[in-house]
Amino acid sequence: MESCNCIEPQWPADELLMRYQYISDFFIALAYFSIPLELIYFVKKSAVFPYRWVLVQFGAFIVLCGATHLINLWTFTMHSRTVAIVMTAAKVLTAAVSCATALMLVHIIPDLLSVKTRELFLKNKAAELDREMGLIRTQEETGRHVRMLTHEIRSTLDRHTILKTTLVELGRTLALEECALWMPTRSGVELQLSYTLRHQNPVGFTVPIQLPVINQVFSTNRAVKISPNSPVAKLRPSGKYMQGEVVAVRVPLLHLSNFQINDWPELSTKRYALMVLMLPSDSARQWHVHELELVEVVADQVAVALSHAAILEESMRARDLLMEQNVALDLARREAETAVCARNDFLAVMNHEMRTPMHAIIALSSLLQETELTPEQRLMVETILKSSNLLATLINDVLDLSRLEDGSLQLDIEPFDLHGLFKEVLNLIKPIASVKKLFVTLSMSSDLPEYAIGDEKRLMQIMLNVVGNAVKFSREGGISISASVAKSDSLRDPRAPDFFPVFSDNHFYLRVQVKDTGSGISPQDIPKLFTKFAQSQSLAAKNSGGSGLGLAICKRFVNLMDGYIWLESEGLGKGCTAIFMVKLGLRGRSNEAAPIHVQSPCKSWTNNFTGLKVIVMDDNGVSRMVTKGLLVHLGCDVATVSSGDECLKVVNNEHKVVFMDVSIPGIDIYAVAVRIHEKFARRRDRPLIVALTGNTDRVTKESCMRVGMDGVILKPVSVDKMRSVLSELLDHGVLLEAQ
Amino acid sequence: MDGVILLQKQLVDYSTSLYKEGFLDDQFKQLQQLQDESNPDFVVEVVYLFFEDSERLLNELSKTLSQQIVDFKKVDAHVHQLKGSSSSIGAQRVQKVCIAFRNYCEEQNTEGCLRCLQLVKHEYSLVKNKLETMFKLEKQVLGAGGSIPMH
């Protein structure tokens, strides 16, 4: 039998010791086997474990160690060589694997340690981010508070509300104990306590503005921590507790003038208010940065809101002022209108009142002239006549001028005989000129139309004035008058820079030149000639009569006729030339439709109206009967109607004339006229329409003409008037003049 | 014959006085001119038509003006008619009162209107009497065989 190579124990194997060793080895083996199992199990469970290979190694190492201890179990008793070999193999393997593992661990453990470090680092980072998040949230809160505050402040335009709201909201947001606003006084040397949060009515505490602490606050736009003992902060009676921290900030008070385009308000404001904020006294609160920022932002917003309020106040004040001015202007205008009305009334009355006696004087004096008089008496009567004529002219001139001044004068535009007008002027002036032994010549150009449309009377007045002046100021020689049609090149005269003639087919410009060989006028005096009442010395000496109004009136008449008048003279003693141009209408080419004959030309109805069928429309029975009687007396066959509808029903093409009373209320006479026009398409069939009315003012006349009436007659109508009206109507088909 | 001349003179004096006192104006003369053989009673017809018309209008006016709320438009329309009629026959004084009456109507002055109404009634009755007297004189002249002298 082979004996084992085990070393014989020195002492006999103790049964107990061997047993314990046996058990321990068993448990060790068990543990060694179970650890890798646990490891595998848990690693399998975890998703991330980068060191599998290490694990395998480790596992192998442990398993082998376990195996070794297990095999050891058999070596406590007599064991065979196989067991010894297995034991040896196991030990060898175990040694190899453990060494390998040991070598591997050298690489791995630093890695593992660094993982730990990174983990720590990340944890720190996370903590930091958390802190920052907290900060951002706080800032956002602040921002929200500011927005809300701003909204509150800006929702009102009233100064006091703005300031009060600011304090209240700030107090609430920041949980302040006290919040106060110090406003600069008018004089600017003191700050006055204007608003506080807790005290309802701050009694006017004032502090001088030049305190160092105040200057410190005013010099920066940041919120500044100030000592609770400074005069601006001593608002509460000093308590037993520690006063909380105090912060002050400036509030710029902006004025309208501060808002320049290129100039930001900071640079130009001079006045500041002081806002003082106090934290609650017995808390350990401190002013945080974000709170200070909030305060600064609010202070700025308040400034803006205040300036808006100021602008609003300003504009309201301006508007009130404007309204007052408007009212005053309105009043003034009405007063002026009343004055003008009063003046016009006065003039109208005086017109009549002054002219009547004048006429009487002139008429009676001329009659007196016709009687038998002694030479002395004759002289006296002549003087009376001359003076009263002068006076009459003066009265007329003044009244005319005042009417011209306020533009109430209207030209009477009618067709007239132009050639005839000149001839008449000539006839009027020749006797006077011949007395002074002056010659008068008239030359009319060949293209001067025979008839023109304009205000004949006033044109005559202008002519007489101009020619009369020429005669007046000439001692010898003569007057030459020339009339022509102005050509376009001669119209734009350098001497008449303001005159812009407009050409049209219906009008022409009459150019009249009156040249005299008289005393002339010095060039300086020429502009003065047209101003009323102005007379130069030299003129006055020679001028025994005349008020100086003549040329002024002429100028105004010429202007009314869209024309221009001016005088030329080469100097004293060299004569004078007066030139004027006026716009006149051309006859035959104007817009007024020329009347055409309606009746058959052979029969002349002029004095024989027998059987003439007419209609009389009048709602007043008496008036109707009278008009009918009138027409029946003249031989007409009269049908009477009392309304527009009846008239339209009755009228037919046998009726030659329809007389309509225009004063019928409620009936639109003009509409009836239009309907009659419509009813009779051809002009030959249509009866003539004549309006009977109580007033012949322009408006009525024009309205009647506009709707196509053929004439207007003023009531009351006499037999003779009716007779002439009828004859004119039937001869010419239209009444040219209102009768 | 003397009687006729006397009557004629009476008539002439009477009508002259009417013109002088302003009861009648030129228009009445025109009416008289319209009277001829074909229309012998023209003037009388017109005048009586005027009387009828005016009485109706005056009644209407009284009624309208006695209402609680006066319709001035209506009043104005009536006065306008009266004015037209009176001017057509030449009743000058009536016409003048009508003009004033219309002014009060425009101002909506009830007091003034009532006063004018009284005045108009008064004037109307005056002119009516005068005209009736004149017509009676004319009849007498015609009855006595004379003719009515033209002015």
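Residue 1 is the first one shown; counting continues down the chain.
Using the three backbone atoms N, Cα and C, a Cβ is placed for every residue, glycine included.
Annotated Cu cation binding site per TrEMBL: A:Cys65, A:His69, in sequence order. Marked as ADP binding site by TrEMBL: A:Asn469, A:Ala470, A:Val471, A:Lys472, A:Asp516, A:Lys532, A:Ser547, A:Leu551. For A:Lys715, the entry in TrEMBL reads ubiquitin cross-link. Residues annotated as domain 'Histidine kinase' in TrEMBL: A:349-588. Marked as domain 'Response regulatory' by TrEMBL: A:613-730. Per TrEMBL, the feature 4-aspartylphosphate maps to A:Asp661. Here TrEMBL flags A:20-41, A:53-71, A:83-109 as transmembrane segment.
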### Task
Would you mind listing the long-range same-chain contacts of the transmembrane segment (A:20-41), meaning Cβ under 8 Å and 6+ residues beyond its ends?
55, 58-59, 62-63, 65-67, 69-70, 72-73, 76
### Summary
Nearest to A:His69 (Cu cation binding site) by C-alpha distance, among the recorded positions A:Asn469, A:Asp661, A:Lys715, is A:Asp661
### Task
Please report the number of other Cβ atoms within 10 Å of the Cβ of A:Lys715 (ubiquitin cross-link).
20
### Of A:Asp516, A:Asp661 (the recorded positions), the residue whose Cβ has the fewest other Cβ atoms within 10 Å
A:Asp661
#### Entry: Alpha-carbon spacing, A:Val471 (ADP binding site) to A:Cys65 (Cu cation binding site), which is rounded to whole Å
160
### Message
Using a Cβ cut-off under 8 Å and a sequence separation of 6 or more, which residues in the same chain sit near A:Cys65 (Cu cation binding site)?
### Response
A:Tyr32, A:Thr94, A:Ser98
### Query
By DSSP, what is the split of the domain 'Response regulatory' (A:613-730) into helix, strand and coil residues?
52 helix, 25 strand, 41 coil
#### Entry: Length of the line joining the Cα atoms of A:Lys715 (ubiquitin cross-link) and A:Asp661 (4-aspartylphosphate), in Å
9
### Query
How big is the Cα-to-Cα gap, in Å, between A:Lys472 (ADP binding site) and the residue listed as '4-aspartylphosphate'?
53
## Note on the structure
Counting Cβ atoms within 10 Å of each Cβ, the densest environment among the binding-site residues A:Ala470, A:Val471 belongs to A:Ala470
### Summary
Listed in sequence order, the residues of the same chain lying six or more positions from A:Leu551 (ADP binding site) whose CB sits under 8 Å from its CB are A:Asn465, A:Asn469, A:Leu529, A:Phe530
### Task
Within 10 Å of each Cβ, count the other Cβ atoms and name the one among the binding-site residues A:His69, A:Asn469, A:Lys472 with the highest count.
A:Asn469
### Assigned element (helix, strand, coil) containing A:His69 (Cu cation binding site), judged by DSSP
helix
### Query
Roughly how many angstrom lie between the C-alpha atoms of A:Asp516 (ADP binding site) and the residue listed as '4-aspartylphosphate'?
56
### Message
I need the CA-to-CA distance for A:Ala470 (ADP binding site) versus A:Asp661 (4-aspartylphosphate), whole Å please.
### Response
52
